[in-house]
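All remarks here apply to the structure that follows.
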């Protein structure tokens, strides 16, 4: 009701990738046997249909792509995520601005575990937990990407941390972790929205800002502010409580994921700056033929340009630019 009219006003059409030529034999193989036939099967189909092997490969590529979501669908999903991330981030900032533990992390452990659970803190936690559960479930119905396992581990660790910290009344430090993670997510979704709408410079600007905020918060503030208080200040103030190892183990798991994603972001940015354009993203959900890739390579001018097939989806759901895919 909201995102779709916005997308249409921005000129985003509800059209998907190039559709494969109708062929009963190939369609039966695709639906009943395999979506990616090996060399032996391709040779057999080539003899049966009197088609060139390359033509059959192209047919299967187009057939796989036509099941992918349209740019309009991805715009609507990104707009929903952008709305949630932005809203929850400002809610968290507004709530934490007056919280003493936001300015002094040692306050997270004073009088623990006898710390009151206010209604605002409760709703903040429940909203975040509900959202990450939705991501966990939707991941199995979304397009399966190469970072599926990483995102699965991330969602498990996040849900485990939210639930565990709530059950153990570690909600003060939990709110800091949640707010810190929300600080960059809405910028990534904004970059995706700009990309779908083909606002190239705005997309590049949002992604650059996202990269800076992500690295500062996840590689700077998180380890030196959050991990410092959970590893050292908590040990000093309340001692090694029974769940200390599990709690910090989950937090360190998140930090490892932060390092992996930061590497991907920096690698993508470096390639774009060196080449002056974005190369094909190996995490793309739309497979391009060699001809399409040549067109894309020759026509790419921006740091985050849209490829000729114009479609893509990071845990995202990005169009075919490599910026936000990584």
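Glycine too: its Cβ is placed from the backbone N, Cα and C atoms.
Those TrEMBL annotations? Automatic predictions, nothing curated.
Per TrEMBL, the features are as follows:
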DNA_BIND  28-71  DNA-binding region
COMPBIAS  300-314  compositional bias 'Polar residues'
DOMAIN    26-70  domain 'Homeobox'
DOMAIN    73-274  domain 'TLC'
REGION    281-326  region 'Disordered'
TRANSMEM  82-102  transmembrane segment
TRANSMEM  122-141  transmembrane segment
TRANSMEM  148-167  transmembrane segment
TRANSMEM  206-225  transmembrane segment
TRANSMEM  245-266  transmembrane segment
Calculate the per-residue pLDDT averaged over the domain 'TLC' (73-274) and state the result as an integer.
89
How do the residues of the domain 'Homeobox' (26-70) split into helix, strand and coil according to DSSP?
31 helix, 0 strand, 14 coil
What residues in the same chain, six or more past the boundaries of the transmembrane segment (82-102), come closer than 8 Å to it by Cβ-Cβ distance?
108, 120-121, 124, 127-128, 131, 172-173, 175-176, 178-179, 182-183, 185-186, 189-190, 192-193
